[in-house]
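Chemist: What follows is a structure written as C-alpha cells; I'll ask about it next.
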C-alpha cells in the first residue's frame, strides 16, 4: 500500500513537472497576481450545476488581486452606450483591459492543463500578447495604421526599458547584499531575435532615403515589408520550436525544481469546457473595450492635450500590460531574474517577430497598405532600446544601477514623445525629407 502511495505521489510530481514545461514566463508572471479562492460558502451548495457555476465565478472573477479594477468594464460600456465623455470611455476601457488581460492568461493556462505541455506551451506562447493584437486588429479595421505601429512599438520599448529596468532596479535594492545572476543564454537568444526584427524594420525605412521617386519608394518598401513579415513569422515559429522542444531547458527557471511542494498553481481549478467558454467570453469583452480604445484615443488626445503618439507609445503599454509588468517586478524581488527576463524579453520578442509582421500580413489581406517602415524617431528609439538592453545584459549579473539606467532611458524617450506634437495623420519624417530634397533639386 505504501509503495502504491509513493508511486502515485511520484507520478503526480512527474505530471506537475511536465505541466511546468508547458508554462512560459508570461504565465508564471501573471500567476504572481492570483489569490487562492475561499470556497467555504460555495462548498455548502448541494445543487451540482449551481455549485460549479459559483466555483467558476469565484475562480475566474474573484481569483485575482486585480479584481478591484473589474467594475471599470461595465462602467466603460455604460459610458459608451449613454454618450458620456469620450476621454472617460478611453480611460475606463484601459483600466478594464488590465485585469482582463491577466484573466486571459489564467484561462489559457487552465486549458493548457488538459491539453498537455506541448499544446499548452504553444497556446501560452502565441496568446501572451493577445490584447495588443486585438487592439491592432480594430485599429487596422479603421485604417488607422499609425495607431497600430505606435502601440506595438510602445509595447516593445516598454518591455525592454520600463519593465526590465524597474525589475532590475527593485530586485537590486532588495538584494543589495546578494549578487543577482541569470542565465545569459536565454537573454542572448531573445536579443538576437530582436536584432532580426530591427533589421527587418530598418531596411524598409532606408528605402525612403534611397528611392528615386516617392511612388516607387513606397511600393518597394511595401513589397519588402510583406516579404520580410512572412520571413519573420517563419522565424518566430522556429523560435517556438527552439523554446518549447529542442532547447526548452534554456527558458526554464532553475528554481522551479526546488518548489515541488507548491503544486496548487499547476492543477486546474475549472473544467476544460468551462475554461473554453470563459476564454471566449473574456476575449469578446476585450474586443469590445479595444474597439472603445481605438474609437476614443483621438478624443482623449484632444481633451488631455497629449499627442496620439504619446498615448499610444507610452500610456497604452503601461496600463494594458500592468498585470504582466507587476509580475515581472515581483519575481525580481524574489531574486528570480530568469523569469523576469523571460517576461520582458519574451514579450518584446513576440510582439516584434510575430504580432507586428502578422499585422502587416492581415493588412495585406484587407487591402490596406501597411509596411514595416516606422518614422525615423520611432525606429531610432527602438534601436537605442535594443542596443542599451543588449549591453546591460551582457555579463550575466545584475544590480540596481543597471535597472536605473534602463528606467532613465525610458523616461527620456517618454519625454521625447511627450513634447512631440505630430498628429497621427501628419506626413512621416521620411516623406518630409524626400519632399524637401525634391524641392531643392528643382530650385537648383
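One-based numbering along the chain as shown.
Glycine residues also receive a Cβ, built from the backbone N, Cα and C atoms like all the rest.
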Chemist: According to TrEMBL, which listed range is transmembrane segment: 107-129, 268-290?
Modeler: 268-290
Chemist: What residues elsewhere in the chain lie close to the transmembrane segment (310-333), defined as a C-beta under 8 angstroms and at least 6 residues from its ends?
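Modeler: Those are 26, 28-33, 66, 94-95, 97-99, 101-102, 105, 131-132, 135, 147, 150-151, 153-155, 157-159, 162-164, 166-168, 170-171, 174, 293, 297, 300-301, 304, 339-340, 343-344, 347, 378, 414, 417-418, 420, in sequence order.
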Chemist: Where, among 188-207, 268-290, 340-366, 400-420, do we find the most CB pairs under 8 A to the transmembrane segment (150-176)?
Modeler: 400-420
Chemist: State the residues, same chain only, that lie 6 or more residues beyond the ends of the transmembrane segment (372-393) and have a CB under 8 A from a CB inside it; answer 'none' if no residue qualifies.
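Modeler: Answer is 149-150, 153, 156-157, 160-161, 164, 168, 182, 184, 187, 191, 194-195, 198, 200-202, 204-205, 207-208, 221, 224-225, 228-229, 313, 341, 345, 356-357, 360, 402, 405-406, 409-410, 413, 416, 420, 428-430.
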Chemist: Can you tell me how the residues of the domain 'Sodium/calcium exchanger membrane region' (277-413) break down into helix, strand and coil by DSSP?
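Modeler: With helix first, then strand, then coil, the domain 'Sodium/calcium exchanger membrane region' (277-413) has 113 helix, 2 strand, 22 coil.
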